[in-house]
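**Student:** Copied straight from Swiss-Prot:
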type     : residues : note
TOPO_DOM : 1-19     : topological domain 'Cytoplasmic'
TRANSMEM : 20-42    : transmembrane segment
TOPO_DOM : 43-371   : topological domain 'Lumenal'
CARBOHYD : ASN176   : N-linked glycosylation site
CARBOHYD : ASN299   : N-linked glycosylation site
Amino acid sequence: MGTAAVAAAERPKQRRSSHLWKKALLHFSLCFVMGFFTGFAPSSSSSWRAGSGGGGGVQPRHQLAASHVAVNQQVSLVPDAAAAEAAGVGNGAVVDVGDDEGGEGARRMLIVVTTTRGERRRRRGELLRLAHTLRLVRPPVVWVVVEPAADAAATAEVLRGTGVMYRHLAFRPEENFTTADAEAHAQRNAALAHVEKHRLSGVVHFADAAGVYDAHFFDEIRQIEAFGTWPVATMSAGEKKVVVEGPLCSDSKVVGWFSRDFNDGTTRAVTYNTEADLNPAGAAGTRAHTIDVSGFAFNSSILWDPERWGRPTSLPDTSQDSIKFVQEVVLEDRTKLKGIPSDCSQIMVWQYTMPMQVHAQTSTPKTHNRR
């Protein structure tokens, strides 16, 4: 009797102890699982915001693409000061990009201007090829593409996918152009008007969409303080002709100009006789050399601050022909003209010209209905 009573009293104690062990194991399992998954959670709320696109640290340092399509009835070279101040753009020619690689810190912005002309079916390929080149250039770089308003839609689609920061300018010319050169001249003036109006400070270069560039070319022209020039090789597919034109240099100092035709081996050269000879004219008193737009670059501040570079007037040119004004300044003020690269012995720009295809329309003979 006594033994049976003791066994009956110990059974509730065993049941209680087994329940306690089960509860302990359950709590331990829950804590282990929560601790395991908590280890994969981010340590701060900022990482969650970054992952959701709320401006965290995963955003790129430099904007890759920007579209600015402007359709203008008339282009004026007189800048709008109020618009420039509202845009918050200064007059300095150096842009701090916050990149400490190589210890450079600050680099001048490159303003690459491209005019569009030629056949539309060839234009897309040329723009994409130049875009691939510009993507290899270290920022800051802005690509200014100019063209008539009628072709703006197709070109805008191409530019959006290039990954290059760009400004797309479409304009309606006031006159009908008789030649492709006249149209390109007007487009360059439209681009310079945009650069002046918005105070885009940097080094301006006119890059042909059909041009081929050395990988180090854009790093070289970024070092330009005022004006720079270099040899350019022009290859013509139709005439099978190769011509190299550019400056004669002593180190980085320009001492003359030359033109060499590799087909017949002839070379023409014009050298400066004295330091004061800024315009080496012939007997007739005319300029002995003209410089192609693809063979020079300049500091954009000459457009709105010419007195800084020794020009007597506050306006670039009363005729609003900015590209002509800049070409004259580059040739006249050779004390500020830098040859690129040093001693100008290397060709870094190639221009490839192709003949324009003229499609003749063949008319079918008219047949008269006979009754």
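Glycine is no exception: its Cβ is also placed from the backbone N, Cα and C atoms.
Are these features on the surface or tucked inside, and what are their neighbours?
**Tutor:** Neighbour count (other Cβ atoms within 10 Å of the Cβ, all protein chains): 7 for ASN176 (N-linked glycosylation site).
The 10 Å shell around the Cβ of ASN299 (N-linked glycosylation site) contains 21 further Cβ atoms across the protein chains shown.
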**Student:** About how far apart, in whole Å, are the alpha carbons (Cα) of ASN176 (N-linked glycosylation site) and ASN299 (N-linked glycosylation site)?
**Tutor:** 31
**Student:** Under DSSP, is ASN299 (N-linked glycosylation site) helix, strand or coil?
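**Tutor:** ASN299 (N-linked glycosylation site) sits in a strand per DSSP.
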**Student:** Should ASN176 (N-linked glycosylation site) be counted as helix, strand, or coil on the basis of DSSP?
**Tutor:** coil
